[in-house]
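K.L.:
Features from TrEMBL:
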type	residues	note
TRANSMEM	B:12-33	transmembrane segment
TRANSMEM	B:66-90	transmembrane segment
DOMAIN	B:67-258	domain 'ABC transmembrane type-1'
TRANSMEM	B:102-123	transmembrane segment
TRANSMEM	B:135-158	transmembrane segment
TRANSMEM	B:179-201	transmembrane segment
TRANSMEM	B:237-258	transmembrane segment
Amino acid sequence: MERKLEENLISRKKETESSWISGTKKVKPKSKKTNNNFWVIFGFMAPALLIYGVFVIYSIVMTFYYSLFEWTGIDDNLIFAGIQNYITLIQDGVFWTSVKNNFLLVAASLITQLPLGLIMALLLFSPIKGMRFFRSIYFMPFLMSTVAIGILFVYIFDGNFGIVNQILGSIGLDSLQRSWLGNEVTAIWAVIATISWQFAPFYMILFRAAIVGIPEELYEAAEIDGANSRKKFFNITLPLLMPTIVTSSILSIIGSLKYFDLIYVMTGGGPNNATELMATYMYEQTFTNFNMGYGSSISFSMFIIAFMVIAVILIVDQRRKGVN
Amino acid sequence: MLKGIKKIPLYMLAIILLVFTGVPFLIMVNTSFKGQLEFMTSPWSLPKTFSFDNYLLLFESDFFRYFLNSVIVTVISVVLVILLSAMASYPLAKMKFKLNKPLFILFLIGMMIPIHTTLIPIFRLTQQLGLYDSIWALIGPYVAFALPVSIIIYTQFLKELPKELEESAKMDGCGPFRLFWKILFPLLKPATATVAIYNFIHIWNEFIFALVLTNSPKNGTLPIGLREFYGEFSVNVPGIMAALSLASLPLLLVYLFAQERVVQGLSAGSVKG
């Protein structure tokens, strides 16, 4: 891979050089400089390109390659299967459950994390005392490792001594007590609540950074015109936050489509695939059932789905900009 | 007076959110100081006496091996990311060449793809390289996936540096590599701090590569260790809470001492999303 990249770089460079030289005659000394330039650029970029090329680009290509084989992953016995894995995948109910759950997660993340983050960020600019303290605590969930969060919330949602059940009991809602993660209906919502807890602070800091960037004069001018705080929010803050909202949505959607850690720790995709996501299903097929070829086809489908979703967002965003 | 009353809903909202974000931490730390029996009888009350027994137990377990592995992997990866991404950003930000834009976009794409798409080939590659089940297997993927964000941060910063700096250095006969390391890199300190913090947090907490590329307990990182503990001692809830608290401590300490930087660092990666 390294060599390929090098060759590619060199050949491209040669092309540009030769065309340049044939174009004008006087450039001999300059062409030497271009040549020097190439080695400088190459020297600076080669290490990063090598690592990136091997672990990201080569790997994506190889995922597609492996997805065309039947392969346990234990030995080197790859049997070419064409698109058989994809045909199986399309008929695989569990895969569609995982896709559905992934999109549920996307939707739930968008409607919980972003507004929650925005409310927190706005609160940070309101005239209340001890803001630094509030901000410090608000942000903490995002620093904890996902595995630690997963384990912590397994105990919080526990059916016997979990604090969720304790609170329900103490306010007389005993009938609602249950093993939240053991129940096929509630498990996904418990997980979504946990994910919102983890990521809302992240969007808080994004919105905070954006609000800081809004010029104070705008609010002053609005005040002179007699705008109340609600008007100020809807006519100044919100429109100016639009780019951040788009960025945050993209991050949230990408994040939700590749979610893995928390589900793996909290439910393992269960009970009965109720919380299965594409990534957990891929992991299960690949490293538990040793269907590496099939796992690769799930992997590659994830890549395609994520790619399409991002493309749609970017196109919609371009349109929106065009309209304005 | 009227103003004070107006603020009450604000305070209420602020406090509700404080409970929402803070209580799980309180539960974790609170439980970690309890005995197992005390936890069974009253799981969510304050501990009668603060005992550090659970933490002492961690010293006897493998906890610090995991901890040490995490430190080694994180430090080496972050240093490599800083060096590689700072270098790669220099031509991208300061030089004109045909492949400039395509290469930058190539790195940008890395931010958008699900890392799991690369998991199987990297697993295979790691085996072929003979690195499987060692902490060294983790450094390559960690560095590779940290490059996009880091390169974006560095190029943005580099573009803002005045051109005269380079020009005067070149006049003095300074070669491009010396120019970069001696003159530009020291000026990049704020960007380097951002890159370091951003990647420190993500690599410290990374889970799936560590899960797939290492196997034996002695080679796991902290997130793997936590999961092992959880599997082994799931009955000893206070013990696990002590492990969770201790594992979260380094990041919380960094946050405590460099709050602004951490917050800035984490939002930096998304500026250009």
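Placed from the backbone N, Cα and C atoms, the Cβ positions cover glycine too.
TrEMBL does not curate its annotations; it predicts them automatically.
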K.L.:
I'm a bit unsure how to read this: which one of B:12-33, B:102-123, B:135-158, B:179-201 has the highest number of Cβ pairs shorter than 8 Å with the transmembrane segment (B:237-258)?
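P.N.:
Stretch with maximum Cβ contacts: B:12-33.
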K.L.:
In terms of Cβ proximity under 8 Å, which residues at least six beyond the ends of the transmembrane segment (B:135-158) contact it?
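P.N.:
Residues 69, 72-73, 76-78, 80-82, 84-86, 88-90, 92-94, 104, 107-111, 115, 118, 122, 126, 129, 184, 188, 190-191, 194-195, 198-199, 202-203, 206, 209-210, 213-214, 219, 221, 268-269, 271-272.
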K.L.:
Report, as numbers and ranges, which residues of the same chain sit near the transmembrane segment (B:179-201): CB under 8 Å and 6 or more residues beyond its ends.
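P.N.:
For the transmembrane segment (B:179-201), the nonlocal Cβ contacts are 74, 77-78, 81-82, 85-87, 90, 146, 149-150, 153-154, 156-158, 161, 165-166, 169-170, 251, 254, 258, 261-262, 264-266, 268-269.
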